[in-house]
Amino acid sequence: MAKEISSELLNTILTRVGGPGNIASCGNCMTRLRLGVHDSSLVDPDIKTLEGVKGVILTSDQVQVVFGPGKAHRAAKAMSELLGEAPVQDAAEIAAQNKRQLKAKQTSGVQQFLAKFATIFTPLIPGFIAAGLLLGIATLIATVMHVPADAQGTLPDALNFMKVFSKGLFTFLVILVGYNAAQAFGGTGVNGAIIAALFLLGYNPAATTGYYAGFHDFFGLPIDPRGNIIGVLIAAWACARIEGMVRRFMPDDLDMLLTSLITLLITATLAYLIIMPLGGWLFEGMSWLFMHLNSNPLGCAVLAGLFLIAVVFGVHQGFIPVYLALMDSQGFNSLFPILSMAGAGQVGAALALYWRAQPHSALRSQVRGAIIPGLLGVGEPLIYGVTLPRMKPFITACLGGAAGGLFIGLIAWWGLPMGLNSAFGPSGLVALPLMTSAQGILPAMAVYAGGILVAWVCGFIFTTLFGCRNVNLD
């Protein structure tokens, strides 16, 4: 497919999803054009047969068209322009669509809730990847060249410069999340950012670091700004809901002056009294659960084995708050490399299919076109073009990923837990320099590389033995 998404392809997709009048929203994640639809019965599932489309995921209120990294963003931008040129609907059409949209909301609340995470975190992912890569490369250079932490000179200065982006991102990350979350839940982004900033401020006048808020209690009640990302998400949701209620009763002439003011006062009160303690408990519980799963080899195997299924259903973005919680509690994201084993298992399965296929078959061409992205951590071309349509190889790919997750879990159980140095990043081989551990970057890279190798080999063996029987290898 050409680098640019053709207008003919987008017009065809628009027609097959029911036309502009059936589109409720248009957005994208890293690899998918996400179209919210009013009536899923109008969607033609044969969109997946269009040239340039790598796959399609259908839910009761959303169509996810898989294009691949970079292309999804361009497709969403071009589709938004097409929708902006669409003719205006009449009142009857709008009423009918609102009715269908309400029905969809009533029947797909869980998926809609998980889809919010894509809206909140997808715009941040390029920054996570860039900051994580810079930090990983700087750490690797410092380790290999034995640069002390307090060294002076051009090289240490350059390494510190490369690391500063990660420090800046994670110091003020909650403000970015608060802004995006408030918008995703229907509120004003800056209100969410201001509320999120309350979680960053310090409430101990004797502290020598941080930014003192100017008071240490809330009308005599202690302040415990815990919970971080979990608390910020809850607070941003509450902020958006409160803003909507205030706006309903606010006269138009006073809206700009008073709506945000009242919203902030009410939300901040709830944050200090309820949300911060609640977010802290949820944060501790979530961290405890996944830290114990990560140190349990069987738990790691289950997580890695099921992750491809989460990708197929489009709910894998729901793990991002967990990644952020683990960053806060451990200092690295120990879950991400475990889940990355799913993609490695699929690479092994694809190589087995290539080996078993006929020399000039279409299957070999499909694998050749998708294997390099798979090695680099982009799994959708392999999922939708190679393994999932044949089902058995998809299952054996999941088993290969589970084996890789088991390997990483065993190493952690034996005393070497490791993880990603960022909340989110690339997977596959590209993620190697982003690995870190308490023992340093090189042991972490070795464990991750070992997990990938185990997943490749097991995915290949499982598919060769069980994934090719009664499967179309043409």
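Here, residue 1 is simply the first one shown, and the rest follow in order.
Note that Cβ sites are derived from N, Cα and C of the backbone, with glycine treated the same way.
As the structure is a computational prediction, the values presented were derived from the model and not from experiment.
The record in Swiss-Prot shows differing topological domain names for Met250 and Ala301, meaning opposite sides of the membrane.
Confidence in the topological domain 'Periplasmic' (356-368), given as mean pLDDT, stands at 86. Its own atom aside, the Cβ of Cys29 (active site, phosphocysteine intermediate) has 24 Cβ atoms within 10 angstroms in the protein chains shown. At the 8 Å Cβ cutoff, the transmembrane segment (369-389) and the transmembrane segment (441-461) share fewer than 3 close pairs (sequence separation 6 or more) and do not count as touching. Residues of the topological domain 'Cytoplasmic' (390-393) grouped by DSSP class, helix first, strand second and coil last, total 3 helix, 0 strand, 1 coil. Same-chain residues lying 6 or more positions outside the topological domain 'Periplasmic' (145-157) and placing a CB less than 8 Å from one of its CB atoms do not occur. Of the recorded ranges 124-144, 181-201, 218-238, the transmembrane segment (441-461) has the largest number of C-beta contacts under 8 angstroms with 124-144.
Secondary structure at Cys29 (active site, phosphocysteine intermediate), taken from DSSP and collapsed to helix, strand or coil, is coil.
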